[in-house]
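Taken from Swiss-Prot as is:
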ACT_SITE  Thr182  active site, nucleophile
BINDING   Thr145, Lys171, Thr182, Glu265, Asn388, Ser393  substrate binding site
Amino acid sequence: MSASPKGFRFATVSAGFRKEARPDLALIVSDTPATAAGVFTTNRFQAAPVVVARENLSARPVARAVVINSGQANACTGDEGMTNCRTTLDLVGKACGIPAAEVLPASTGVIGAQLHMDKWREAAPRLAAALGQNTHHDFARAIMTTDAFPKVAERELAIAGTTVRLVGMAKGAGMICPNMATMLSVVLCDAAVTPEAWQRLFLDAVDRTFNRVTVDGDTSTNDTVFGLANGASGVTVEGEDLAKLGEALTDVLARLAYMLVQDGEGATKVMRVKVSGAVDDAEAEAVARTVGHSQLVKTAMYGRDANWGRIVAAVGRSGASFKAEDVVVTLCGVELFRNGQPTDLDFDTLLREPLKGRDVTVDIELGAGTGHYELLASDLTHDYVNCNADYRS
């Protein structure tokens with residue numbers, strides 16, 4: 001386990017936002033102003049904290065704190081929700097001695113539920129007093145909703161002979177189909193980076209990781225990824241070292257993205273859909289997403305069924321351009337389909353053991369060009385239905 005990046009403190013408390021008594025309010029404070037980046041949901045119904053966080057970052061890409069509550073999403077809550085969100089930043093800022101404009105909010109929970117402001121007023125001073133008593137692992141645990149486990153990824157790298165640390169924390173198990181679903185993540189770094197470079201690195205890393213996962217095809221109103229870089233290591237990243245930092249950032253987000261799919265509500269499989277030979281990358285993405293979203297493919301994977309017909313049918317309705325006879329479908333290294341028909345391999349026997357594992361790879365070659373795309377998707381189980389049927393109760 002790596003140490004946390006320098007210059008960040010963590011706090012979690014139980015504010016009573018959830019039915020069960022457990023930490024449900026989490027705070028990160030940087031000892032010094034940090035360069036801040038953000039990537040947000042593309043859902044047209046954007047939660048109040050998304051709107052407010054965008055405003056704060058647009059005004060000035062600097063932050064001292066991130067505060068996240070679990071229990072109420074504060075989405076579709078009208079003017080009252082916006083006012084409440086800004087009030088929470090005032091409360092946290094006052095308790096911590098930080099300008100409210102330098103506090104970034106995020107919320108997760110039931111859509112349409114107003115924040116419990118009386119509980120916020122009582123909890124904010126306790127939260128500030130607890131700073132330094134918790135770890136980034138505690139933070140990840142406090143922001144969970146239907147998650148089965150906290151999601152943390154750490155990375156160290158050497159720049160200019162000095163160790164730079166990154167840590168990422170995320171939550172999400174359902175409503176995951178980001179296009180930066182609910183998916184929240186915070187990444188901390190103790191290097192100094194210019195706002196322009198940090199945001200650019202963030203956008204690229206999110207596009208290559210979080211935007212390439214799906215659990216159920218639903219995109220949340222609250223999707224948020226924050227990144228804070230405070231320079232506490234004494235290292236300024238610039239020039240050629242930016243690519244090195246970008247690779248480390250992408251690695252952290254990629255591991256978090258895998259955990260999000262691994263922890264998809266009720267999931268037993270992580271399906272890696274790899275499409276190649278498309279006319280272009282956009283068509284490869286269309287194929288990967290159609291296969292990854294297919295309920296028939298997902299349930300086949302859950303049932304350990306080498307049902308190539310469901311995969312081929314999904315490929316065929318993706319809208320991509322190709323000749324049917326050029327398509328090759330391979331599952332866990334076993335070729336199932338070629339020349340417009342199934343192969344003569346005994347793939348049910350060959351795949352009996354591989355399909356018992358958690359990781360499943362679906363390779364689809366279209367033979368139409370050089371476009372390629374890769375997507376992570378979960379399977380679909382009885383537990384997913386049970387979890388979401390009972391979510392509000």
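Keep in mind that glycine also has a Cβ here, set from the backbone N, Cα and C atoms.
Taking all protein chains in view, 21 other C-beta atoms sit within 10 angstroms of the C-beta of Thr145 (substrate binding site).
Counting every protein chain shown, the Cβ of Lys171 (substrate binding site) has 29 other Cβ atoms within 10 Å. Look at Lys171 (substrate binding site): DSSP puts it in a strand.
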